[in-house]
Amino acid sequence: MTRRSKDDMEKTNGKSEPLLLPEKESNDVSEEEASWMVYLSTFIAVCGSYEFGTCVGYSAPTQFGIMEELSLSYSQFSVFGSILNVGAVIGAITSGKISDYIGRKGAMRLSSVISAIGWLIIYFAKGDVSLDFGRFLTGYGCGTLSFVVPVFIAEISPRKLRGALATLNQLFLVIGLASMFLIGAVVNWRTLALTGVAPCVILFCGTWFIPESPRWLEMVGRHRDFEIALQKLRGPHANITREAEDIKEYLATLAHLPKATLWDLIDKKNIRFVTVGVGLMFFQQFVGINGVIFYAQQIFVSAGASPTLGSILYSIEQVVLTALGATLLIDRLGRRPLLLASAVGMLIGCLLIGTSFLLKAHGLAVDIIPALAVSGVLVYIGSFSIGMGAIPWVIMSEIFPINIKGTAGGLVTVVNWLSSWLVSFTFNFLMLWSPHGAFYVYGGVCVLAIVFIAKLVPETKGRTLEEIQAMMM
C-alpha cells in the first residue's frame with residue numbers, strides 16, 4: 001500500500017482498510033474496467049437530459065391548445081416560450097456553485113424537484129402568470145441539469161468509455177425532444193405536462209441508489225467515501241490503486257490553489273480551458289441551429305409535406321444520428337474529427353438552404369427549390385447531430401480542472417443559453433433582411449467554427465481527465 005493511501009486511511013477513520021487492491025494484482029483486472037454501476041449511474045443521470053429535452057420541446061406541440069384554452073395572445077405565448085431561457089440562464093449561473101457545494105447528485109436531485117414542481121404548476125395553470133412561473137421553474141432545472149449531467153458522467157466514467165457515455169447526454173436530450181412531438185400529437189397540453197414529471201421522479205429516486213462522483217468526494221475531503229465510490233464504479237475485483245492515486249495526487253496539487261473566481265478564469269494558466277469551452281458553446285449556437293429548427297416546418301410546407309410529419313422526421317433523424325454517429329464513433333474517431341465533419345456538413349446544409357431562398361427570390365429553377373431546401377435541412381440537422389450537438393458538452397466536462405470546474409462550467413453553460421436566446425431573437429430579423437443572406441451568414445460562422453476547432457480544440461480521446469488538463473497546461 002502506498003504512503004498516500006495510508007495517510008488518507010489514518011485521516012478518515014484509522015481502522016478500516018481502503019478498498020485498494022495490492023499492486024501485485026494489477027495484471028488480473030483492468031484498472032479502469034467499467035462495472036454495471038457505471039451504466040446504471042449514467043442511465044439515471046441522463047434522465048436529467050431527457051427532462052431537458054422535454055422542457056425544450058414542450059411549447060411547439062402545445063401552442064394552439066394552450067392559446068385556445070387559456071385565451072392567450074401570441075405575445076403572451078411568446079413570453080411563455082422564451083421564459084424557459086430566462087430560468088435556464090439563472091440555473092446555469094448557479095449550477096457550478098450548487099454542484100460544488102452539495103455534490104453532483106445533490107444538484108441533480110434539487111433540479112429534479114424544481115422541474116417537477118414547475119410541470120405541476122403548468123398542469124394546474126388557469127392563466128398566463130402561473131403558466132409562465134411553471135415554465136420558468138422548468139427552465140431553471142434545465143439550466144442546472146445542462147451543466148451537472150455531463151460533468152457527473154465524465155467524472156465517473158473510465159477513459160475508454162467516457163466519450164460514448166457522455167454523448168448519451170445529447171442522445172437522451174433529443175429523445176426527450178422527439179417524445180414531446182410524438183406524445184403531443186395524441187394528448188392535450190395538460191397531460192403532456194404530466195409526462196415531464198416522470199423523468200424527474202426517476203432521477204430523484206435513482207440518485208439514492210448510485211455513488212457520488214469520486215472526484216467530488218475526494219475534493220471535499222471524504223477520502224473513504226471516495227475509495228468506496230470508485231470501487232463500486234470499477235467493480236469489486238478491479239484494481240483501482242493507480243487510478244485512485246492519480247486522482248488524489250492531482251487534486252492534492254490543486255488543493256493549494258485559492259478558490260476560483262471569475263477573474264481567475266482569465267489567468268494565463270486557465271485562459272485556454274475557458275477559450276475552448278466558451279468558443280465551442282458560442283459556435284454550437286451561432287451556427288444557427290435554432291434558426292434552422294424554427295424554420296424547418298415552413299420549409300417542409302413549401303415542399304408540400306406535412307409540418308407535423310416533418311418535425312417528427314427531423315426529430316427522429318436527430319435521435320438516430322446522435323446514437324449511431326456521436327455515441328458509437330466518438331471514442332473510435334475522436335472528438336476533433338467528428339467536430340470538423342459536423343461543421344463542414346452544417347456549412348453545406350446552410351449553403352443548400354440559402355441557395356434555395358436565393359433561387360426562389362429570383363424565380364429560378366423553381367422545380368428544384370423544395371428538394372434543395374428539404375435536403376439542406378436534413379443535411380444540416382444530421383451534421384449537427386453527429387458532432388456539434390453533443391461533443392461541446394463532452395469536452396466542457398473533460399477540460400476544466402476540478403478547482404475551477406464549478407465556476408468555468410457555469411460560465412460556459414450561461415454562454416450557451418444566452419447564445420441560444422440571441423440566435424432565436426435575431427433570426428426573424430435576419431429573415432426579414434434577407435432569407436438567403438441569413439443562411440449564408442450562418443454558413444460563414446460554420447467556416448469560423450472549422451478554423452477554431454482545427455487551431456484550438458484538443459483531442460481528448462483515450463486520456464484521463466488529469467492527463468487532458470496536464471496536456472492543455
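In case you wondered, yes, glycine gets a Cβ from its N, Cα and C as well.
What TrEMBL records for 1-14 is compositional bias 'Basic and acidic residues'.
Annotated region 'Disordered' per TrEMBL: 1-27, in sequence order.
Per TrEMBL, the feature transmembrane segment maps to 36-60 (among others).
Residues annotated as domain 'Major facilitator superfamily (MFS) profile' in TrEMBL: 41-461.
Marked as transmembrane segment by TrEMBL: 72-94 (among others).
Annotation comment: TrEMBL describes 106-125 (among others) as transmembrane segment.
Residues annotated as transmembrane segment in TrEMBL: 137-156 (among others).
Marked as transmembrane segment by TrEMBL: 168-186 (among others). For the transmembrane segment (168-186), the list of distant contacts is 42, 45-47, 49-58, 60-62, 149-150, 153, 192, 195, 199, 308, 311-312, 315-316, 318-319, 322-323, 326-327, 385, 389-390, 393-394: same-chain residues at least six beyond its ends, Cβ to Cβ under 8 Å.
What TrEMBL records for 192-210 (among others) is transmembrane segment. Listed by sequence, the residues of this chain that lie at least six past the ends of the transmembrane segment (192-210) yet keep a Cβ under 8 A from its Cβ atoms are 37, 40-41, 43-45, 47-48, 50-51, 54-55, 58, 61-62, 105, 108-109, 111-113, 115-116, 119-120, 122-123, 134, 138, 141, 176, 179-180, 183-184.
According to TrEMBL, the transmembrane segment annotation covers 273-296 (among others).
If you look up TrEMBL, you'll see 308-330 (among others) marked as transmembrane segment.
The transmembrane segment annotation in TrEMBL covers 337-359 (among others). Under 8 Å from some Cβ of the transmembrane segment (337-359) lie the Cβ atoms of residues 283, 287-288, 292, 299, 325-326, 329-330, 365-366, 368-370, 372-373, 375-384, 386-389, 391, 435-440, 442-443, 446-447, 449-450, 453-454, 457, all in the same chain and six or more residues away from its ends.
According to TrEMBL, the feature transmembrane segment maps to 371-396 (among others).
As annotated by TrEMBL, transmembrane segment applies to 408-433 (among others).
Within the same chain, residues 272, 275-276, 279-280, 283, 286-288, 291-292, 335-336, 339-340, 343-344, 346-347, 350-351, 353-354, 357, 388, 395, 430 sit at least 6 positions outside the transmembrane segment (439-457) and bring their C-beta atoms closer than 8 Å to a C-beta of that stretch. Summarising the annotation, TrEMBL assigns transmembrane segment to 439-457 (among others).
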Self-check item: Within-chain partners of the transmembrane segment (371-396) [C-beta distance under 8 Å, separation at least 6 from its ends]
Solution: 146, 150-151, 154, 162-163, 166-167, 169-171, 174, 276-277, 280-281, 283-284, 287, 289, 292-293, 296, 299-300, 302-303, 305, 314, 317-318, 321-322, 325-327, 329-330, 335, 338-346, 348-357, 359, 409, 412-413, 416, 449, 457, 460
Quiz item: Taking a Cβ cut-off under 8 Å, which residues six or more beyond the ends of the transmembrane segment (106-125) line up next to it in the same chain?
Solution: 45, 48, 51, 55, 70, 91, 95, 98-99, 131, 133-142, 144-145, 148-149, 152, 190, 193-194, 196-197, 199-201, 203-204, 207
Practice problem: Determine which residues of the chain contact the transmembrane segment (137-156) at the Cβ level, with the cut-off under 8 Å and only residues 6 or more beyond its ends counted. | Solution: 38, 41-42, 45-46, 48-49, 51-52, 55-56, 58, 83-96, 98-99, 104-105, 107-108, 110-112, 114-115, 117-119, 121-122, 162, 165-166, 168-169, 196, 200, 211, 213-216, 233, 393-394, 396-398, 405, 409-410, 413, 416-417, 465
